[in-house]
Amino acid sequence: PNYNPADRVLFIIQQESQEVVRGIKDKWLESGSHQALLTRIERAHEWNVGGQGGESSSESSTSSGGEDDSCCKQDKGEDIILNKHPKGCCAELAALVMRDVRGNKRAWQLIVFQALIGNILVAIVYGILFYGKARKEDHVCHGDDYDPGSCQRYFLVHMAVLSILSINVMFATHAWTTEVVMSETAMFLRERAGGYYKVLPYILAKSLIEVPLVYLMCVSMLLGAYWFVGLRGNFFWLSLEMLVLACTSSSLMYCLCAMSPSRAQAASLAIIPQTLQFGVSGVLLPIREIPVFLQWIKYLCPLYYGLGLLGVSEFHYLFEERDACALETGALWNATCPGVQIRLTALEVMDIHQNHFLWPNLVMCLLLFLGLRLLAVLLLWRKSRYVL
């Protein structure tokens, strides 16, 4: 386990009913340890206020037991944290980031295997499976060898490769977020209850550490499939768009993890957004075939916007061919270039449009990222407020 025994006890208490938790709190308030702790806090405060220890401190020490007296004599005013000068958000953020950096250095072998080697191997398998599929449409969509059926079939395979890469990004980030957040839940609640830091710096630190690691995962996935499949989009832009999709998808998991008391429950809840994203993003069913009363879900779906971003970059050559045909033949370009028209129609079925790159695709991804992270902050704040 990734927590010490004290964290384990706290984690178990969280799963108990409100009556059990209330009973534990009442027993603590009635215990002698609680009273002794209050006495030590009062004496430390008197020591701090009275300088070198005043009359009130000595009088209270003579009236109490010898054991408490000997313990309290060892307490110096400067050693007691009274939170008079709490650290600012930037100081807390820097401390949390450095702690995560040290943790990643210790676990570098696991990170290298998961974020690089594992993803590259999976991507290579897909690359071999779809070897050269992104280029085969050229032979049957132009000139004398034009075949409408083959043109559409090869282009749909090309789109399927892009969808698979997007789905892999989503699954990888969901698993990574669940592992990172849920493994530190008990530690976060204990430290948050102790006032070591606020929730916002904690989420900001996780986000800052997440970006380079997730980008490594995206690059490794793309490396394994880009040249094997013959993708046509710019490698750098595709990797950045996959990063946007990954960070937006992980934001959704931050919220689910913040609502879940255990890793198992967080993993089970992850099935809900994954299933909904498959259904409304156009991967399993064309957007037009989705019932109207369910189509609104796509506007909250990171995979829907992520596919829109990747589709515009990957199929940029189609938009260029369309513009060239329109420049040559005018309004009759679709009759002159039927292969281009067939593939553009397939993109429209997937709701991928060239003029949708900035809005709504990119802007909505950024808004979902920001909104879901702020919601995760609120949920974690509420969760840490009622730890016990």
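Backbone N, Cα and C define each Cβ position, glycine as well.
What you see is a predicted model, and the numbers here were worked out from it, not measured in a lab.
Feature annotations, courtesy of TrEMBL:
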COMPBIAS  55-65  compositional bias 'Low complexity'
DOMAIN    93-313  domain 'ABC-2 type transporter transmembrane'
REGION    48-70  region 'Disordered'
TRANSMEM  107-129  transmembrane segment
TRANSMEM  155-178  transmembrane segment
TRANSMEM  199-229  transmembrane segment
TRANSMEM  235-257  transmembrane segment
TRANSMEM  357-381  transmembrane segment
Recorded stretches the transmembrane segment (357-381) and the transmembrane segment (199-229) touching, at least 3 CB pairs under 8 Å: yes
Contact set, same chain, for the transmembrane segment (235-257): CB under 8 Å, 6 or more residues outside the stretch: 165-166, 169-170, 172-174, 176-178, 181-182, 185, 203, 206-207, 210-211, 214-215, 217-219, 221-222, 226, 266, 269-270, 273, 302-303, 305-306, 309-310, 313-314, 362, 365-366, 368-369, 372-373, 375-376, 379
